[in-house]
Structure formats: structure tokens, C-alpha cells
């Protein structure tokens with residue numbers, strides 16, 4: 001099968017099951033696996049939207065303890081004996097009594113060969129409706145606060161009618177608004193400079209449950225939670241809308257006086273720990289989101305990231321490298337502990353930053369990364385980037401249910417040939433051991449089950465595997481390795497759901513089977529490797545991570561390219577490997593690994609989004625797409641991400657996922673400034689200017705978070721966004737264009753010391769064929 005038809009097949013599997021694998025044939029021995037260089041990995045999107053996924057209204061048929069795999073199309077079923085054999089633990093299980101009428105022709109939907117992904121609506125109800133707790137920073141400019149209040153009031157109409165909603169505001173103090181009290185505005189105030197233990201918060205808010213007192217009957221699972229003391233602060237939207245709208249409308253800027261040489265006093269840490277404490281008492285393991293709207297950095301109390309004096313700048317990457325950071329470690333520890341508590345309770349924290357300065361996302365990143373929350377970085381709450389991204393959080397399906405899931409858990413089962421080594425994505429380990437757990441660790445390892453808390457249809461997880469020590473005893477024809485993904489989550493309709501995806505792939509034949517190399521999916525592999533690189537970058541030095549990326553690439557090319565030893569000119573890669581080196585070239589230069597020119601908050605934000613997206617979106621982040629528009633062609637044409645693509649009469653459209661940029665070549669910019677597009681007879685020029693704008697609008701429609709939209713001209717300051725992404729094939733040192741040589745007129749000269757893709761490939765070939773890694 002040629003590469004294009006294989007790619008098509010992988011695309012169909014991704015549409016059906018939400019899975020892309022780095023290798024689509026599994027090696028049958030550990031020795032063979034160790035020579036693959038790129039680990040066996042799956043990028044899995046559990047809630048991938050697919051209208052035809054069957055939703056079954058009954059409990060799944062599961063294997064006996066401790067296996068608990070779910071009946072699927074790969075199970076052998078003995079219709080006469082009413083038995084099914086589990087492919088994971090090989091035990092025989094009786095079919096339930098209501099399956100007595102099945103025949104080889106009439107089979108239940110979960111055994112149908114096309115239903116490798118299926119969803120069950122479980123009978124277990126959610127302990128309470130979904131909870132939304134808004135935590136709002138009042139130390140903001142008047143216009144920014146007004147825009148935020150407007151967005152929050154509007155969002156109440158997007159919530160399910162039974163959703164519980166609450167409000168905490170903070171500045172110098174943190175205030176919990178008692179919206180259940182209707183006589184007047186009433187709130188509980190916490191000092192911003194003091195650290196409160198969970199128990200103190202609960203006592204001060206009067207939340208200690210009566211059920212905790214001796215002699216009281218304990219709460220029975222499965223029954224709705226009694227609306228105890230917490231109902232003063234969290235009420236169903238339908239009841240609370242009037243009070244909450246009034247409280248939001250009356251929100252004023254923080255009244256604490258501030259001199260011109262000081263920052264506002266902001267107790268973000270106290271506000272968050274009060275929010276976590278409020279949900280922890282009454283709503284443990286009930287789906288809920290704490291949504292933080294930060295207009296600046298925390299400057300007092302636990303979790304402060306910078307001092308209140310303006311002459312003290314907020315930490316940069318350089319400060320962190322030199323360990324010149326006063327608050328960083330303490331703040332990081334504080335927020336990481338808060339994240340652990342939140343994840344343990346099954347709740348999610350979203351952070352919306354609306355500020356030109358940094359707000360401390362670097363320190364707070366664990367809050368989102370451990371709980372499956374969103375992280376949105378914008379310049380202000382007045383920007384459409386914030387407003388539209390915020391609305392998209394509440395997207396709904398055809399039945400008017402929120403697309404987001406709550407309180408989610410992912411479990412992975414494997415057949416005996418495979419073992420799970422870990423997961424990289426927004427989740428925490430549940431420390432569950434099973435026969436599927438491997439010896440080595442990649443990402444969050446030593447477990448086969450993870451808690452994600454918040455999950456949405458785009459959320460994707462990198463799951464990594466190894467081949468078991470013994471491997472298959474002896475190779476039999478058509479032997480397959482299998483993986484089953486079980487995702488339990490609270491659906492916004494109020495029931496728990498279980499999404500089951502089961503995949504099977506061939507095991508390779510005797511050593512040196514070419515099927516393994518043919519099964520390499522370079523796009524999935526690039527994304528899975530970039531997740532490992534970013535995971536490493538969080539703990540290792542930048543240069544060490546780049547060296548690791550290079551080393552792995554050289555080893556992969558040495559292993560799978562065709563060449564004669566020590567002859568770089570003989571180097572050839574198969575079609576399904578050719579793009580991989582350039583993905584790695586762009587990954588090395590990307591903002592995920594090169595932190596120069598980005599603030600620590602931006603780096604945390606970019607890495608957060610990369611760890612959330614699927615293969616195609618992640619590839620756009622790693623290697624942006626570039627389209628060119630000119631007079632003698634219809635629409636945009638994809639062009640190389642290269643400085644030679646900049647031409648005076650062309651318009652370029654760059655999509656980096658985070659930015660969408662329209663760049664006008666020198667001549668086009670001059671014509672536009674002269675106003676030709678408004679003159680008669682120049683309609684084709686006017687439509688040329690419009691085309692990239694229309695395409696940009698299409699790109700923005702379903703993108704989350706909303707990208708920044710930039711229109712710039714050749715030589716303009718904003719053009720740096722484009723130049724930094726291009727392969728510098730024409731630099732001030734490359735001759736072409738340096739001294740008016742050939743090509744000086746057309747291509748843009750880029751002033752950089754970065755190597756070009758061509759030089760990078762030459763070095764790669766030389767090292768790969770020399771056999772020294």
C-alpha cells in the first residue's frame with residue numbers, strides 16, 4: 001500500500017476512533033522495539049465529536065475483576081455457549097441473560113466491527129449539577145472591568161438551567177458573595193496577606209457539614225447531595241441569576257488606595273484557595289469549574305509572584321536561569337499544592353488573563369495542567385480574543401448540552417505484548433497498578449489510569465507504550481496487539497458516560513520486518529516526540545533538550561534511511577519519513593523550546609495549548625502553514641515556509657495557530673497605500689486584498705483559543721512574527737542578496753545566525769551516514 005492511501009486510512013481511523021499512532025505495526029520483540037528510536041505512542045482524543053458514535057442506554061458488559069475490559073468487536077463470542085473471551089486477560093465470561101437471543105447474524109451494537117468506539121450512558125447519576133464559580137480580579141482599569149462584567153453576565157445565559165453558580169471577587173481582600181441572601185449585598189471577607197488552611201475557610205464560611213457531626217446519618221452515594229450550608233454561596237442559575245447579575249453590575253474597582261510607584265495589592269492565592277475550600281467541603285467529586293479572571297499579577301499573600309513596588313520587575317526567563325527569583329519557588333509550590341487538592345476533588349481551574357503584563361501563569365500553570373482547565377492569555381478583557389474565546393468554552397451539542405465533560409478519568413488496558421509507560425497531557429496519575437503497566441516511565445507513568453477532571457472534544461492525550469519483556473512466545477500469523485481506552489466522565493446532562501475505544505494492530509514478523517518502517521506515521525510521531533521534548537523542557541536545561549531532539553533524529557535517520565556508509569550524497573528517506581526531519585527543524589526553532597523573546601507566562605501558555613491539541617493542530621503550531629496570493633492564480637497556494645517565499649507582488653497568509661498574519665509584499669503595500677483598490681479598473685487588486693482576509697476568517701471560525709490577527713507590510717514592525725518563523729535560506733551571510741548577488745531583488749534577506757533547513761539537513765545526513773550517534 002502506498003503512502004498516500006495509508007495516510008488516508010490513518011485519517012479514517014482518526015475520524016472514527018480519535019487515535020493516531022506513531023507506529024501502526026507493533027514490533028514483536030523488545031529488541032526490535034528498542035531500535036525504533038521513536039517510542040510506540042498514541043495521540044488519543046477521547047471525546048472527539050463524531051455524530052455517528054452509538055450512544056447505548058445500558059450498562060457495559062465487562063470482564064471479571066481485576067481486568068474489567070469492556071466487550072468490543074475484537075472479542076471472540078461463542079453464541080451457542082453464551083460465552084465471550086476477553087482478548088486482554090483471556091478469561092471466559094458468560095454473556096448477561098438479556099443477550100440470550102443473539103446469533104451470528106443478530107449481534108449487539110458493541111460487537112459490530114465498525115463500532116470500535118462506542119459510548120454508554122451509565123445509570124449512575126452525577127452527585128450534583130455542574131458548578132461554575134467565578135473568581136474575579138477587581139484591580140483593573142474601569143473599561144476592562146466593565147467589559148469583563150458584561151461577558152460574565154452574558155455567560156449566565158449559556159449555563160445549563162440547573163447549574164450551580166457562585167462569585168468570589170478579590171483585590172486587597174478576597175470576598176465570597178453570599179448570593180443566597182436577598183435582603184442586601186452580603187459577603188464574607190478574607191485578608192489578602194494571610195494563608196488560610198482548608199479547615200479555617202470552611203469554618204469561617206460555616207460550611208462544616210452537619211453530616212460530619214456524630215450521630216448523623218452519612219450521605220448515601222447516588223442520592224443527590226443535600227443542599228447544605230454551601231447553598232448560600234452556590235445556587236442554581238435560575239434562582240441566582242437576578243442576585244448575581246446585580247452583584248456583578250455593582251462591582252467596583254478595588255477601593256484600596258495605591259500610589260503611582262506601586263502595583264495594586266492583589267491576593268490571587270487567597271481567592272483561589274478560598275474557592276477550592278468552598279467546593280471541597282460540599283462538592284467533592286462533583287463536576288465543577290473555578291474560573292479565574294486575572295487582570296494582573298498576585299502581589300501579596302500566599303502565591304505572590306512579584307512585590308508591590310513597580311521598580312521591582314516581574315521575573316524573566318533570564319532571572320529563572322540565574323536563580324535570581326525571590327518568589328518563584330514558593331509561589332510554584334503553593335499553586336502546585338492547590339492543583340493537587342483540586343484534582344483530587346475532581347474540579348477544574350480555568351485561568352483567563354487579561355493584561356499586557358505577566359500575571360504569573362508560569363507559577364499557576366499546574367492549576368490548569370493538572371485539572372484539564374483552559375489557559376487563555378489576552379492583553380485585556382476588552383479584546384475580542386478574550387470575549388470570543390470565553391464564549392467558546394460554553395459550546396453546546398445538538399441537544400443543547402455543554403460539550404465539556406466533568407470529573408473525567410482515563411484508563412488504558414493492553415494485551416500482554418504491550419505495556420503502558422505513561423501519559424503526557426493535562427491529567428494527574430491515579431497510581432493504579434495493573435498488568436498493563438510498564439517498567440519504564442515516559443511522562444506521567446507507573447499507572448494505567450489518570451484523572452483529567454475537565455475534558456472537552458478537542459482534549460488530546462499522548463499515551464506511550466513499550467513491548468513487554470518476554471514479547472509473544474512464538475510468532476503466529478496475524479497476531480495482533482490491542483489497546484482499550486476507557487473514559488468515564490460526567491456529562492452535562494447529569495449522567496455519567498463511558499466512552500470506549502478499542503484498537504488492534506498487527507505484530508511484526510521475524511526480525512527486520514519491513515512492515516514496521518512502512519507503518520510509521522511521521523505526523524503523529526512528530527507530535528508525540530514534541531510532547532516529550534516539552535515535558536523534558538519543564539525540568540531540564542534548554543540546550544540539553546535540543547541535543548536530545550537532535551540525537552533522536554540522527555538515530556532515527558541512521559536506522560531507517562538508505563545510504564552507503566560515510567557517503568552523505570547517497571542518503572535517501574522513504575516517503576513516510578521525509579517530512580519528519582523538517583518537523584524537528586521547526587520544533588527546535590519553535591517558541592516551545594526557544595524561550596528567547598517570550599515571557600515565562602507566554603512559554604507556559606504555548607506549552608499548555610500544545611499539550612491539549614490533536615495531531616493536525618499541533619503540527620500547525622510546530623510547522624506553521626504559509627499560503628501565497630498573487631494576480632495570476634486562483635486563491636491561495638501553499639508555499640514553502642521559507643524566506644524565498646517573500647515576493648514584492650505577493651500577499652502571504654501565515655497560520656501559526658496562535659497568530660494569523662497577513663503580510664503584504666513591498667509592491668502590494670505601496671499600491672494599497674496609494675489607494676488603487678478604491679479606483680475603477682483595479683477591481684482585481686481589491687479582490688486580491690480581500691481573498692486572504694476571507695481565508696483568515698475561515699481559519700478563525702472554530703479555533704480555540706481565538707488567535708491573534710495581524711495585518712502587516714514588508715518592512716513593518718509586525719512583520720517580525722513572519723520572519724521569525726521562516727526558514728532563513730537567504731540571510732545576510734548566505735551570499736544571495738548579501739552584496740547584490742543573484743536573487744537580491746526578489747527574496748527577503750533575514751538577519752539571523754540561525755542555520756537554514758538546507759544546512760541542517762546537510763549536517764544531519766553527514767552524521768546519520770557516519771554511524772556515530
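Count begins at 1; order follows the chain as displayed.
Each residue, glycine too, has its Cβ placed from N, Cα and C.
Features of the protein shown, as given by Swiss-Prot:
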BINDING   63, 67, 86, 89  Zn(2+) binding site
Other Cβ atoms within 10 Å is the metric here; tell me which of the binding-site residues 63, 67, 89 scores highest.
63
Three-state secondary structure of residue 89 (Zn(2+) binding site) from DSSP?
coil
Three-state secondary structure, residue 67 (Zn(2+) binding site) (per DSSP):
coil
Provide the number of Cβ atoms within 10 Å of the Cβ of residue 86 (Zn(2+) binding site), excluding the reference atom itself.
23
Compute the mean position of the Cβ atoms of 63, 67, 86, 89, which form the recorded Zn(2+) site, and then list in sequence order the other residues of that chain whose Cβ is within 8 Å of it.
64, 68, 69, 88, 90, 91, 93
